[in-house]
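Contents: one structure, followed by commentary.
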């Protein structure tokens, strides 16, 4: 549409958020969540062991059971809900940024649609080439729904927190059931590269068919993230200390207590029939949302305390975690590539017959490698390759101009 004479031309879109404009808490949370995702995903590369609840080998050693108890209580069904909330939070930030720049709502919507479609492409490639437990494809489809709801009211998102919760709980219950026979693939690859490639292509088709369920289970988490993002809870944590403190003090204990029954069943401390295990899976998943909110509250509360103390310069550990969070998609994909190299039977094969204690150590090591890569990119003033690609595809080529200096981490 041609603008009226004398009226300003429509703004095509605001560019991606620069380093100077990024807030500390969301990136810090993403960096922490990626450690949890590495620990959670790594068990699905174990080959040759029968699995029980939470995808963990049912014949583990005492040391394995210690790892199972720690990861099952603090990580499983906790890291991914947090990551999903942060994904939706980022959507709210993008919409607010576009509105502040005077971008027409429809143009902002088209930007988010492009971003989501390309995220689906990245996710599909990730499934086929590396890991059938991918989340990017579902996030891309979820992004299409969020883009369609860009003008929805807070009330609509509050309804979405509860209305599809039954789907989330039904899916969560599956974590209480026993797993496969130790073939090492959710879809039965033969252990060769080409065989696993074929099985993951089948997995991609299955994921597409299951979209209503998988994405429906993410909707309540995304609605929470959108509501938090609209209120700038993590960008201005000092203004939301009572909420953040409440989330931390309530969410963390609820999460631990709700996780324990299934964890005890996982390590063989209690016996339970399949129906009971399914219900324990529902409890584990439901209270995991409390754990995600609890960690979000704890980190936000800590960042608010830094602001009250005058925002001292972040130390090396904090800077490293934030560097990972700024490159979360790159680090997520790099995790899968490293797991494939280290654990797949057609490569180094360290996942064959592995226990969960060894796998947990490998997962931590893989995460540390991604930290080192992120820190190196941060020092070079460069975005992660995946972030660069998705921004170029969604926003287009940036306008020519002088290069902006690398900005320090902001706590605002």
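Cβ atoms here come from the backbone N, Cα and C positions, even for glycine.
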Range annotated transmembrane segment in TrEMBL (choices 324-343, 384-403) is 324-343
Where among 79-99, 111-129, 159-177, 197-227 do we find the most Cβ pairs under 8 Å to the transmembrane segment (135-152)?
111-129
Spatial neighbours of the transmembrane segment (159-177) not adjacent in sequence (6+ beyond its ends, CB under 8 Å) are 53-55, 76-77, 213-214, 216-224, 227, 262, 265, 274, 277-282, 284-286, 288
